[in-house]
Every structure is written in structure tokens, then in C-alpha cells.
Amino acid sequence: MDSAQTDGVYQPLLQPDQLSPLPESNNCELERVLADVETPLFLRLRKATMIETKLLFKLAAPAVIVYMINYLMSMSTQIFSGHLGNLELAAASLGNRGIQVFAYGLMLGMGSAVETLCGQAFGGRKYEMLGVYLQRSIVLLTLTGVLLTSIYVFSENILLFLGQSPEIASAASLFVYGLLPQIFAYAVNFPIQKFLQSQSIVAPSAYISTATLFIHLLLSWLAINQLEIGLLGASLVLSLSWWIIVAAQCVYIVTSERCRETWGGFSVQAFSGLPSFFKLSAASAVMLCLETWYFQILVLLAGLLENPELALDSLSVCLTIAGWAFMISVGFNAAISVRVSNELGAGNPKSAAFSVIIVNIYSLITSVILAIIVWLCRDVLSYAFTEGEEVSAAVSDLCPFLAVTLVLNGIQPVLSGVAVGCGWQTFVAKVNVGCYYIIGIPIGTLFGFYFEYDAKARYLSCFYFGIWTGMIGGTLIQTVILVWVILRTDWTKEVSTLNF
């Protein structure tokens, strides 16, 4: 795919004329192996696979840990809330999936601009620009956070407007109020995360997240079980935990020798070029938000059923498990974004293409294994969240859809990661609109609400058969389109279109 099709959004941002005198990346070894036509193909592929696997897992393994642990913090908060009662579980689920994920998707998406720009700048050895991009992103995300606070403040009215029951909407809004500080933690955390990942610095974030998880579990236990401050206490602890992560990462960047060339301190350049930076950030946000909001809509639709507590409880269990597994794919997503952007920036087209193939294979294998585990454990999964027999039966019915979703989620995030590495966010956003919102949701809603398969027996199962089938269809079409585009990509042309 020609990067010119992305309207040259990111190219003008790489402006400095001098390169930092740091040593050449060892990643060039992979390009040399792939270009060595004298060596038999099988030996080349074997050696290249070993090199790429080492590079990939050096990035992916810590990234998976970071995303999984961050997700586990939200998941554990939901578990603590669920043991307060079914209403609290439904409220925490609606607060997390119906409101908080809106801010999460928007902030993480906007932060992906740092991933594209810093990755390509680092590969092109323009190290001094990484700190500038980091600060620009934090400025933009903080301003966005100010705007997002209104959604949190009026969350109860929004949920009532969307048709949620007054009891659940009131409890969910109380939970959401405690997440207000988390918005601004996102505004700093996601740019920092991408800044470090673009330099292949991922282990420190993994250590920080692991330590914070234990602190979070202790504080959650104290707030809910000992102090008994309920839903508000649970969400306030979650916000505090995110700020602990932010503070620790900031200390690392300022004090670490590994960031000496890329972090030059605060700069007025952070306030220049904001319109162009915002353009790429907005495209990144739209791309990711259209994906994260896709299943958020499923949660909102579930709240419209005759028994919203059962619907939300069973769905929250399935989507929490899917989200946990999704963090593995997001780790691969982060790794392939860095690998592709670094290799393109370094002028290594063969390495970029080879990385795409290898990471997709590993991610797909992992997701298939997880889908099998979920299927085998379908009758006991819900008991980690709630003790209700009715919820357990509903979760068991939903597991076939969950298993298929896990397999697709093993491929789609990696393909999106390739798009971020190349700077194709605008194109992917258009694909997401068509596949998710023109095809997936309308067809799924039609099947779920109007085509009542054996509705007398199991209305909830019928609803999910329809709505989730439509949503899986949308994801499948999007995946096929992205695979087709990547297969047709001229990687040499991608390198030539980068302007440093």
C-alpha cells in the first residue's frame, strides 16, 4: 500500500536535519539474511525466523505482560465489585464497558501517533525527536481528557438516555465518578508507553505494572472488604493504581541512561506542529475507537433486554475473558508496530514484510490455544466473577461465540499494528466504519432483536446468537480486507515514501 494514500499526515513531522551519532541497529542482520540469494531458501528462512523470533519476543513478551496486568487491574476491580452483589457487578461492567472504555479507546488511539512517529524516527536515527513527539502527545491527550470529563460527570443521564434501567445507571455512575482521575493518567501513560516501546524498552514497564498490580489488589481489598466503601472506593483505587504506574515510568525516563539520547527535557517544540500531530492522532483514535466501541455497543444493547442484570452479568464475564486474551494480541500488536516502523525507518523492506508474517503466525497459534481452553472450561468460567447459577448457564451458552471471537482477535489486532507501523490509520478507520458500523452492527441487531430463534426457550441465547454473529461477521470482513491490502503492499515503496 502506498503511504501517500494516508495523505502524508505523518511525513512533515520528521523535520530535524542531523542524525544522532548512535550505533547502527543490529536489526540490519535480518535484512542481510533475507537478501542473501546465495544461501538456500530453507536455510535463509530458518535463520531469519530465529532472528525475528528473538527480536519479536524481546518486544512482545514484556508488552503482553504490561497490557495483561493493566487489564487485570480493571478485571480485579470488577471481580471485587461482583462479590458485593449482582447489581454491583452489572454496574461495574456497565461503567467499565459502557463509559470508561470510551476514554480508554480514545486515549490509546491518540497515543498510537507516538508509536508511528517515534518508531520511524528511531529507525531513521532521529533520536532527538522522540521526546518532542512524547510531549506533543501528552499536551493533546490532556486537553482531550478535559473534554472527556463531561461524559463521566453526566454518565447517569447518558445511560438513562440509552435505555438502561435507573437502578443500574445510578450505581454505574457512582463507579464512573471514581474513574475521573484515571482519564488524566491515561493522557500521560499511553504516550509514555509508546515512547518506550518505539525504542524497544519494554521490560521496565512490565516490572512497574507487575509491582503495581500487587499494590492494587491490596488497596482494593482494604477499600472494599475492610473499609466497605463500595463501588466508589473500588474505582478510586483503580485510578490511584494507574497514577502509580505513570509516576514510576516518568522517574525511569528521567533517570535512565537508555533514554539519554531520546529525552532531552521539556521543550517548547512540544507546542509547535500541533495541528499536523493532531491530524495523525485523530486518525489513530478513530481507527482504534471504532474497534473498541464495537463491542461496547453489544454491552449497551444487552442492557435493553427484559432481564438486564443477567444479560450484563453474563456478557461482562465473557467480554472480560475476551479482553484478557485480547491483551496478548495487543502485546503482539505493539511489537509488530515497533518492528515495522523501525524497519521502514531504517530502510529494511524485506525485514518489515517478514516480521508481519512471523508475528501473525505466533499470534494465531496463541489465540487458537486460548479458544480451546475457554471451550473446555465453559461451565466453570463464571464462578471467578459471581456465584450465580443462572449467570453460569448463560456464560456457558455464550462460549462458542467467545471462542470464535478469540481466534479472530488473534489476527485482527496484529494487522492493525502493521497499519500503525506504516501510518495507514486513516485507511483502516474507513475500513472499520464499513465493516463494523455499516455491516456488522446493523445485521447483528436485526438478527438479535427481530429474528427470534427458539425465543420461547432461551431469549438471551437467541439475542446473542443474532447480535454476536453479526459482529463476528464484521470483524471477519475487516480482517480479510487488511490481509488483502498487506499482501499487495510494496514494502520497498513504503520505505521510499518516508521523509526524514
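For all residues, glycine too, the Cβ spot is worked out from N, Cα and C.
In TrEMBL this protein carries:
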{"type": "TRANSMEM", "residues": "55-81", "note": "transmembrane segment"}
{"type": "TRANSMEM", "residues": "101-118", "note": "transmembrane segment"}
{"type": "TRANSMEM", "residues": "138-162", "note": "transmembrane segment"}
{"type": "TRANSMEM", "residues": "168-189", "note": "transmembrane segment"}
{"type": "TRANSMEM", "residues": "201-224", "note": "transmembrane segment"}
{"type": "TRANSMEM", "residues": "230-255", "note": "transmembrane segment"}
{"type": "TRANSMEM", "residues": "276-302", "note": "transmembrane segment"}
{"type": "TRANSMEM", "residues": "314-340", "note": "transmembrane segment"}
{"type": "TRANSMEM", "residues": "352-376", "note": "transmembrane segment"}
{"type": "TRANSMEM", "residues": "401-422", "note": "transmembrane segment"}
{"type": "TRANSMEM", "residues": "434-451", "note": "transmembrane segment"}
{"type": "TRANSMEM", "residues": "463-487", "note": "transmembrane segment"}
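Here the transmembrane segment (55-81) has Cβ contacts under 8 Å with residues 27, 30, 88-89, 91-93, 96, 100, 175, 193, 197, 200, 202-203, 205-206, 209-210, 212-213, 216-217, 220-221, 224-225, 231, 234-235, 237-238, 241-242, 245, 316, 320, 323-324, 326-328, 330-332, 334-336, 338-339, 355, 358-359, 362, 384-385 of the same chain, all six or more residues outside its ends.
In terms of C-beta pairs under 8 Å, the stretch of 101-118, 138-162, 168-189, 352-376 lying closest in packing to the transmembrane segment (314-340) is 352-376.
Contact between the transmembrane segment (230-255) and the transmembrane segment (352-376) does not hold: fewer than three of their C-beta pairs are under 8 Å, each pair 6 or more apart in sequence. Same-chain residues lying 6 or more positions outside the transmembrane segment (401-422) and placing a CB less than 8 Å from one of its CB atoms are 1, 3, 112, 115-116, 119, 284, 287-288, 291, 318, 321-322, 325-326, 329-330, 332-341, 344, 352, 356, 359-360, 363-368, 370-372, 374-375, 428, 464-465, 468-469, 472, 475-476, 478-479, 482-483, 486, 489, 494. Residues 81, 87-88, 90-92, 94-96, 98-100, 103-104, 107-108, 138, 141-142, 144-145, 148-149, 152-153, 155-156, 159-160, 230-236, 238-240, 242-243, 245-246, 249-250, 303, 308-309, 312 of the same chain lie 6+ residues outside the transmembrane segment (168-189) yet bring a C-beta within less than 8 angstroms of a C-beta in it. Packing against the transmembrane segment (101-118) from elsewhere in the chain are residues 10, 13-14, 129-130, 133-134, 137, 140-141, 144-145, 148, 151-152, 182-183, 186-187, 190-191, 193-195, 197-199, 277, 280-282, 284-289, 291-293, 296, 334, 337-338, 341, 420-423, 425: each is 6 or more residues past its ends and has a CB under 8 Å from a CB in it. For the transmembrane segment (138-162), the list of distant contacts is 94-95, 98-99, 102-103, 106-107, 110-111, 168-170, 172-173, 176-177, 179-180, 183-184, 186-188, 190-191, 270-271, 274, 277-278, 281, 300, 303: same-chain residues at least six beyond its ends, Cβ to Cβ under 8 Å.
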